[in-house]
Amino acid sequence: MTATALEKTAETAVDLPDAVRAHVSPPPEKGRSERNRYFDVLRAASIACVVLYHTFPLAVLSYWPRMGLLFAIAGSLTARSLDTNVRRAVGTRLRRLLLPLWVAALIAVPLMLGLGWRPDAGWELLFWVVPFADPPGAPWAGPLTEVLWYLRTYFWLLLLSPLLLPLFRRFPRTTVLVPVTVAVAIGTGLFDVWTLGAHLGAVVRDASVYLPCWLLGFAHRDGWIAHARRRLVLVGGVALVLAGVVWALAHPESGSVDLNAIPLAQLLYSAGIGLLLLRATPRWAGLERRWWPYQPVNWLVLVVNRRAVVIYLWHNVALALSFPIGTALGVWTLGTVGGMAACCVITLVLICAGVVAVGWVEDVSAGRRPMLLPRLPERRETAAPSAEGPGPGPADARPGPGPADARPSPGPADARPGPGPGGAAAEQADVEGTGEQTAWDPWALRLLRADQIPAEQSHPIQVVHAVGIAGAEVRVGPAPVLVREVAWSAYPGKDEPERGRRSDQREF
């Protein structure tokens with residue numbers, strides 16, 4: 001049966017059995033784009049842990065791989081955007097990254113220059129505009145400048161992604177092994193990265209640690225992680241975590257086992273935890289509800305995600321300011337513990353003040369209407385949950401759930417359909433809905449494993465080359481349905497469909 005025949009057959013099909021209908025995405029509500037709520041929660045938890053770690057720099061807090069998770073999530077979302085429009089994807093993300101940095105530069109650079117600081121070379125001030133390297137700053141401005149390495153690393157990985165994504169899909173093992181090999185060489189002392197110079201050495205070191213996490217996001221987007229056996233993912237993830245812990249214990253830095261001071265241990269541990277968490281696809285139904293206590297939690301997650309860059313840039317400055325402010329207020333008369341608690345409260349107040357004062361910049365950079373604080377969308381009625389659980393909420397992932405989406409996958413062999421025509425909505429789904437609607441395709445079904453539909457209610461069909469896999473058998477419900485194509489990237493070595501087709505023929 002050819003793909004054309006399948007498509008013609010699908011046009012006449014109306015009734016679907018419940019077993020198949022459960023895997024058909026409902027149409028998205030008009031005017032709303034989709035979000036991955038699980039990613040929202042992971043990102044909010046990671047940002048919160050960044051603030052907590054800088055407030056209490058304990059080695060144990062470094063074992064929540066916050067930066068590795070942020071890079072893995074960004075890699076998955078970047079790959080999704082690149083699959084719609086490369087130029088728009090890179091341009092949009094650069095704008096969202098650079099605009100908050102420029103606002104920080106407009107405040108910090110004149111202040112540092114006015115207080116007598118001068119950079120070693122005047123041209124280095126350009127790094128505040130385009131962060132090819134760490135922007136320079138006065139020693140007393142360390143609370144701001146020391147966190148800029150993340151923006152610099154993100155900037156490089158984003159610029160390289162249009163090249164990295166096709167390389168990863170064509171040569172996945174080699175693409176992953178190159179940065180891992182560099183990280184191992186640096187971690188074992190075989191390669192002194194600082195011989196490349198201070199600027200380039202820092203770029204290479206950080207990229208070698210976090211590029212594998214970024215590529216892990218690519219694998220998540222293409223369905224490799226979701227299609228892998230659960231046992232294999234569990235064993236691999238645990239092995240990487242243990243390897244990272246063992247390396248940290250065997251090679252402490254200045255007597256500390258803080259992962260941030262041991263790059264190779266950071267790479268192994270972050271990759272392991274990232275692999276395990278990206279394999280999970282939980283139903284975060286609570287965040288889709290609108291009553292106590294879910295509503296304030298949902299709102300808090302929304303605020304942290306929409307103001308992530310501002311919180312990241314400002315939190316360390318707020319922490320540094322909390323101590324002189326606390327001293328002026330006499331908080332140390334409460335004792336050491338009481339004084340520290342008071343300084344933590346002051347830090348949170350200053351972070352909130354910064355979010356209100358300049359957080360709207362992130363709305364501008366994302367193409368949203370500027371507002372002092374994000375607001376939850378209006379409550380709407382949702383369809384009753386299916387037998388497998390609640391369906392997507394007001395901002396879930398695009399039609400045709402898959403490994404990268406917020407809706408859970410029933411099994412490791414599920415595949416997702418490609419992005420619909422609403423490319424711009426898919427591109428900004430990790431930021432916030434823009435009102436652009438993705439067309440709903442009622443035949444955008446996930447492929448099911450043969451054991452996921454009872455044999456008496458289904459029949460096997462052969463998927464031909466035109467839809468992605470030569471000779472692979474899948475089982476569909478008794479009603480004639482359309483299987484547009486399958487994820488070639490989840491089955492390395494099989495025939496690949498022609499790339500660059502219209503959006504409803506893309507890989508998923």
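Even glycines carry a Cβ here, placed using N, Cα and C.
Whatever TrEMBL says is automated annotation, not expert-curated.
Some features that TrEMBL has for this protein:
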| type | residues | note |
| --- | --- | --- |
| COMPBIAS | 383-417 | compositional bias 'Low complexity' |
| DOMAIN | 36-352 | domain 'Acyltransferase 3' |
| REGION | 375-436 | region 'Disordered' |
| TRANSMEM | 41-61 | transmembrane segment |
| TRANSMEM | 98-117 | transmembrane segment |
| TRANSMEM | 149-168 | transmembrane segment |
| TRANSMEM | 175-196 | transmembrane segment |
| TRANSMEM | 202-220 | transmembrane segment |
| TRANSMEM | 232-250 | transmembrane segment |
| TRANSMEM | 262-280 | transmembrane segment |
| TRANSMEM | 309-332 | transmembrane segment |
| TRANSMEM | 338-361 | transmembrane segment |
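Under 8 Å from some Cβ of the transmembrane segment (262-280) lie the Cβ atoms of residues 38, 42, 63, 65, 67-69, 72, 76, 180, 183-184, 186-188, 205, 208-210, 212-213, 216-217, 220, 225-226, 228, 230, 233-234, 236-245, 247-248, 251-253, all in the same chain and six or more residues away from its ends. Within the chain carrying the transmembrane segment (338-361), a Cβ under 8 angstroms from the stretch's Cβ atoms is held by residues 51, 55, 99-100, 103, 303, 306-307, 310-311, 314-315, 317-319, 321-323, 325-326, 329, 331-332, 370-373, all 6 or more beyond its ends. Under 8 Å from some Cβ of the transmembrane segment (232-250) lie the Cβ atoms of residues 187, 225, 257, 259, 262, 264-273, 275-276, 279, all in the same chain and six or more residues away from its ends.
Beyond its flanks by at least six residues, the transmembrane segment (309-332) meets 47, 50-51, 54-55, 96-97, 100-101, 104, 143-144, 146-148, 150-151, 338-339, 342-344, 346-347, 350-351, 354-355, 358-359, 361-362 of its own chain at Cβ-Cβ distances under 8 Å. Using a Cβ-Cβ cut-off under 8 Å and counting only residues 6 or more beyond its ends in the same chain, the transmembrane segment (98-117) has close neighbours at 125, 128-131, 135, 137-138, 141, 144, 148, 151, 155, 309-310, 313, 358, 361-362, 364-365.
Beyond the ends of the transmembrane segment (202-220), by six or more residues, the same chain brings 67-69, 71-79, 132-134, 149, 152-153, 156-157, 161, 164-165, 168-169, 172, 175-176, 179-180, 182-183, 186, 193, 196, 226, 263-264, 266-267, 270-271, 274-275, 278, 403-404 to within a C-beta distance below 8 angstroms of the stretch. In the predicted model, residues of the domain 'Acyltransferase 3' (36-352) average a pLDDT of 92.
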